[in-house]
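What TrEMBL says about this one:
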type	residues	note
DOMAIN	30-202	domain 'G-protein coupled receptors family 1 profile'
TRANSMEM	14-39	transmembrane segment
TRANSMEM	51-73	transmembrane segment
TRANSMEM	85-107	transmembrane segment
TRANSMEM	119-140	transmembrane segment
TRANSMEM	177-200	transmembrane segment
TRANSMEM	220-241	transmembrane segment
TRANSMEM	253-274	transmembrane segment
Amino acid sequence: MNETVVAMSECDRYIAGSLVTLFGFVGITLNTCVMYAVIKNKKFSMSFGSMCVSQLAANLGTSLVLGLCVGPVNIIDPSLHSTYLGGVCGQMLILFWNASIFSRVLSSVNRLITLLHPFHYELIITSRLTVLLIIAVWMVSCAQAAPYLDQSCAFVFSQLNFTPEFQTTTCGVVTGVYLFFFVGIITVALIFAIDFVAFLKMHQIQKTAYQRVPNQDYRFLLQIFIQATASSSQLFLYFWISPEFKEESWINFAAKTLSWFIVPFVDGAVFMLFNPDLRLCKKKVIREPITVDLPRKSVHTIEMSVSVTKRNNKETGKNELEISSISTISAGATELEDISVYM
């Protein structure tokens, strides 16, 4: 909410505007690259990949608003923050914030369903349902950002210290405290709760003698946890830390303005960190699905190290992978008979 703060000097104004613009372009570059990598990487399922793209698109939107609107306005003419343009910039920040955390909820639920119902996942999370859920996320985000069009509810940047502020009106209190803060806290808490249930399920699976949770599932869980922590950190900085330093212009600026870069930066970074395939752009990987014919009675998880040779079958016209040796077999698999692998 609007409070008495120390105004920045003319020199500080240019520095603040330059920082916001610079960080904005870093966020634009990072999230654009990660989004492109996710779209091109076929390892991600259609549903999970689409949810990730929705989240990254929201982060990209936040970076665009800050880097192309807020930062340049701070440098050129701060009075523009009090115009309709300034109100729209603040409204777009709220919209993209909501879309980001709501998309993260979808990713958490998606991961939980893969653990609870692995054999019925494709029947539950269909492509059509995924599209409808993502559309719903953005529609709810737009609806929640709609009140900010009203001047009494506007979320605008201060001309004094260049921090985003909610209005002190009744509408400003409702939108700032209830629609932004409480909704954000509840959503982040929901993500943590879903992740905790997913962790318990993974622990239960891991204890089973013939099952094993892939490391990738643990990485996805940790990824979502870190992203949710980033969102809660932004709320903490804005509503708790910044009021304690309202007389320290730069600390207040960092807690209220630069904190908006936490989510775009962390989301983009953890996507790259916890998904090695997104970094292996030059490595040639066989992406076609591979089918392995095993005896019907062999139903356990099998881990093996194999040597294969690729050849072309002139009779069928298909590429085939011939298994020449198997070095290890574990996890209680039954004896393997003829194994044929096709691409």
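Residue numbering: from 1, along the chain as shown.
Glycine is treated like the rest: Cβ placed from N, Cα and C.
Quantities reported herein were computed from a predicted structural model and do not represent experimental measurements.
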Handout entry: Recorded stretch that, among 85-107, 177-200, 220-241, has the most CB pairs under 8 Å to the transmembrane segment (119-140)
Key = 85-107
Practice task
Report the listed stretch (51-73, 177-200, 253-274) having the maximum count of Cβ pairs within less than 8 Å of the transmembrane segment (220-241).
Solution key: 253-274
Exercise for the section: Would you report the average pLDDT that the model assigns to the domain 'G-protein coupled receptors family 1 profile' (30-202)? Expected result: 92
